[in-house]
Each structure stands twice: as C-alpha cells, then as structure tokens.
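S.K.: Features from TrEMBL:
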{"type": "DOMAIN", "residues": "75-465", "note": "domain 'Catalase core'"}
{"type": "ACT_SITE", "residues": "HIS127", "note": "active site"}
{"type": "ACT_SITE", "residues": "ASN200", "note": "active site"}
{"type": "BINDING", "residues": "TYR411", "note": "heme binding site"}
{"type": "REGION", "residues": "554-573", "note": "region 'Disordered'"}
Amino acid sequence: MGHSSASLVCCRPNMSNIHPELASHERSMISLLRLHFNGVSYKNMKVSRRFLLLRCQDKQLRIEHYGAFNPPIYTLLDGRPAPDPTASVVLRGERVKGGALALLEDTQLIETLAHFPRERIPERVVHAKAAGAWGEFECTKDLTDITTANIFSEVGKKTKVLMRISTTAGEKGFPDTVRDIRGWAMKFYTDEGNYDIVGNDLPVFFIRDPIKFPSLNRSHKRHPQTNVPDSTMYWDFHNNNQEGVHCLMQLFGQRGIPASLRNISGFGVHTFKLGKPEDGTFKYIKIHFKPDAGHVNLKKEDAIRLAGEEPDYHVKDLYNAIDKGDYPKWTMFLQIMSPKEAENYRWNIFDVTKIWPQKDYPLIPVGKLTLNKNPENFFQDIEQAAFSPSTLIPGIGPTADSMLQARMFSYPDAARYRVGPNFHQLPCNRPKYVYSPYNRDGPMRFDGNYGSDPDYVRSSFKTLKLGPGDVAHDEWVGKVGAYTSGVDEDDWVQARDFWKILKDRGDDELFIGNLTSHVSKALPNVQKETVKMFAKVDKEIGERMEKALDELNNAPDHSKAPYGVQEALGGGY
C-alpha cells in the first residue's frame, strides 16, 4: 500500500453473523481484509483506524468503504473548509438551561436550510415515476441504402444510450405495478448529435389529435376535488373519445402490467422517415423493440399485492439485474414502407391509434440494445434527462403525424420549464459535439457561452461549416381549417382484430376481468356507456361485460371515490 507502518490482517468471518441467505449461498466466498493504520499521516490528514471491507462473491470483488485512505475535506458550498457539518452557531444565556438563539452569521446553517427546499425540481407532468440505466446500441444491419443516419452506417457500430422507462399517470411515489402504459425513452449519443426515441410499451395510443392530450392525461390522474384517481373521469373521457378503443383493448389485455421492465416491448408509436438528403429519397418506418427475455406479465392479484408490499418493484428489479451483470437486452426492428405504398394503403399511416399489420410489413431486425450500467446518481443521470421526439439526426426525419408535430414542441418546452432553458448543457443531455452560438446566456450557463464568437447569423468575422440537409419533405397542398378527430368504421377494425387474437390465445376471460374490475368503480351511467363502446367492437364483449359488472356491482365496493356529480346522477358513494 506504500505505507510500511500499516499492518494487514486477513481473517475469515464468523458465518453465524452473516445474513442467512448469504451464508447459505454455496457459491459465495467472503473474506475480510482489515487495514489498520496506526496514526499514519496520509496527505496531511491524520488517519486512525480506517477500515476497508472487501467481499468476494462469485469471484467478483465488491468494495465497501469503512472510512477511506484519502477522505475528502468537508466544505461549505463556496469551498470553505468547515469543522463540523452537525453543529450550529448559537447564542446561549448564562442563566437559562437548554435553548439557544440561532445566528444569521452561521453560514452553514443558513446554507443548509435554504438549499433543502430547493432540492426538488418540478416532476414530469406525465411519466414522473421511472427507472433508468445506461447502455449501448449495436447495429446489426447496414441501412446505408436508405438512410445516412450514422447509427445504421455499418454492422457492429456501437452507440452509447441512456434509457428511461416509466409509468404514465402516477406521480413519483406511485406504485410500479399498476395497469398503465409504460413510457419508453431512449437517447442515442451519436457522432452527429443526439437522437431520441420517445415512445411507449404499446404500439398505439389513445388519441390522434394533440389538442386532447392534456385532457386525456388529466382524466387518468387525480380528481380535482377528491384528489384521488377516479374511474368515472377515466371512462367518461374514453366514452366520448372512442378513437382510443384499440389502445384500451391492448392496455387491459395481458401486457397491461409487466412482470418487470426487462420484459416489455418498446415502440416509437409514430411514423418516421429514414432518408438520404443528398438524393431526396426516403422511406416511412415504424420502430419496435422486443425483449430478448420474452414478455412476462403479472396477474392482477399479484400486482395489487406488490403495489402495497413493494411499490418500487420494477425499479429495484431493473437496478438489481444490471448490478449483478444480468444485462437486459432487446432487439430493434423496423417496418419499412415506400411513399408510393403509403398513398394507397388502407390505413392512414400517420394515425397513432392504428398499427401497420406485420403481414403487410414484416419486422426487419436492425440492432441490439443492451442496458449494462446503473446511474451513478439518479437525479443527475435520469431525473434531469430530457427526451424529445424533435431530437433527430441527419437521415431521420418527422412525418405529417399531428401528434408527433405537437410533441416536437411540447417535450423540449416541458424540459425548459422543468430543468431550465440550458438543459442541453447537463451531462446526461449534452451531445458529443455542439456549436450553437445563437443560443446564449440564460440561467446557470456554464459552458463558456461561446466567448467572443458572434451571436448573430451570417457574420463575416467567423465562417461556419454547415451540416447536411433534412430528410425530404412531403408535398402538401390544402386549406387551413379546423380539424376534428371524429370516429369512423375504420377505428373499430383493428380493435376487432385484437379481440380475435385474445380469443384465439384464450386470453379473452382475463381481458373481460381486467376491464370490468376497473369499469365497475365508475358511476352506473358511465358504466353503461362504456359497455356500449366495447359492444361496437364485438357484441359478445358488451354482453360479457354486462354480466360481469352485474356481479361486481352487487357486492359492496368501497374503492369508489366521491365524485362531484354523484348525487345528481344517482350513483357512487
């Protein structure tokens, strides 16, 4: 160790003092190395009786510090060394026992108390509860024939990735094992800027008109009067916005509550473009990630139990898997469609309430995603991370999906509010290379602010190299007018197809049970409208829902939350 006065003692621990689960692990080998320093001066710090514990488990050394060889010097935030982080400067009277008056000159106390209520930044208005990890993406198919996107430029090319997987409706402390869409957010740190995929674990969404987005999310959150989640609000929204029935079918199916985040799929949901700006060619794509470990889901009863016993079940599972080297893996697939095919396809390819059936456009494997490193600090790496579908790289472009267009504004705008206007400078958001001198100043600027470089465009004093153009745009000719997302017969077709899949798999009874247990907590008139909606998918669904709801409603249900109009409508508690 470089210190002759340090004595090294190696001893075998008394296994009776070890946790029973650890002691019974046949492959665990534990040894203790106790380093005993007798008054050794180490870098001007007096070290006495410092300990270091080494654990050897499955031939992997894990180090836990009891003290340190070179402990950091405690300081205040301005760097001033301080003698004791637990002491306050006070004035005590000579004749009064106990009690004291705090002094404004106690910088440590003022600093500590003032910083504490400012530790939290606004949580995300949706997708607040999450797990996250670092990883890498490896290209397995060269796509240079259709795109200049460098992450697909050669087989074997690896790109660093930041991953965040979340629930949607609940707050940061909400249980993990609730029936909810999971957010799937990825940031690729490519050679030509960051590229974000901000999707979900289901391939479709509830709405296609962005003006409904705030209302959708409010209906899935807490009632404004009772401040509890409310099934009446939830189903009243969907009864009157029935374009989301396909997404509801998927959510209340088998995959609504995953067993772990390692067993979910990820979807870009929107339609994007892969293209070559130099010749103006492009293809439409849909993005899929499928777990190598397969899909595993929780039964409703187990999910309810875990929500009470282990509300952070999914977060812990992902962290522990990565920590022990059981790295989660997914395969990335693309569905690819030509512009000509899009013109004649039976579905609107920009409609996020619909899929592209795989029999029409099969999945093409293009890469592997591996999560292999936990965050060093969750707030720094995950909470401050900002993802947006507007974060694209050359060779990948947006499409005429109005939901996508709105999200391209809304997501970075939310980050500016939540993290600050200079959120791009934070390590988790910073690209490999950036030179954007026309975005200057602002709170907490710490990157040099481009020094004396011109802060206006087309300066003759400093010329710039320019990047490649965007992926080719579609040609649009039309009139500006109000747009209303009505519901037509096409909106029921894919929901019917999904119902047939559920029946073929034998999952129809599970679906009816999941659905009616949630609907039963709504007011009676709302329940009736929900039954009517699902009867449009298939008459059998409506009939089975009615029967199940009659049985559920005949039993006392004390989980129904009060609602402002219950009395007038004659229902609820």
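Quick reminder: no glycine exception, Cβ is built from N, Cα and C everywhere.
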S.K.: How far is it from the residue listed as 'heme binding site' to HIS127 (active site), counting Cα to Cα, in Å?
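M.R.: Between the alpha carbons of the residue listed as 'heme binding site' and HIS127 (active site) there are 12 Å.
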S.K.: Note down the number of other Cβ atoms within 10 Å of the Cβ of the residue listed as 'heme binding site', including every protein chain shown.
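M.R.: So the number of other Cβ atoms within 10 Å of the residue listed as 'heme binding site' is 18.
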S.K.: Round to a whole number and give the Cα-to-Cα distance in Å for the pair ASN200 (active site) and HIS127 (active site).
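M.R.: Distance (Cα to Cα, whole Å): 10 Å.
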S.K.: Within 10 Å of the Cβ of HIS127 (active site), how many other Cβ atoms can be counted across all chains shown?
M.R.: 24
S.K.: Name the secondary structure element type, per DSSP in three states, that contains HIS127 (active site).
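M.R.: DSSP call for HIS127 (active site): coil, neither helix nor strand.
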S.K.: Neighbour count, 10 Å Cβ-Cβ cut-off, for ASN200 (active site): what number do you get?
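M.R.: Excluding its own Cβ, the number within 10 Å is 23.
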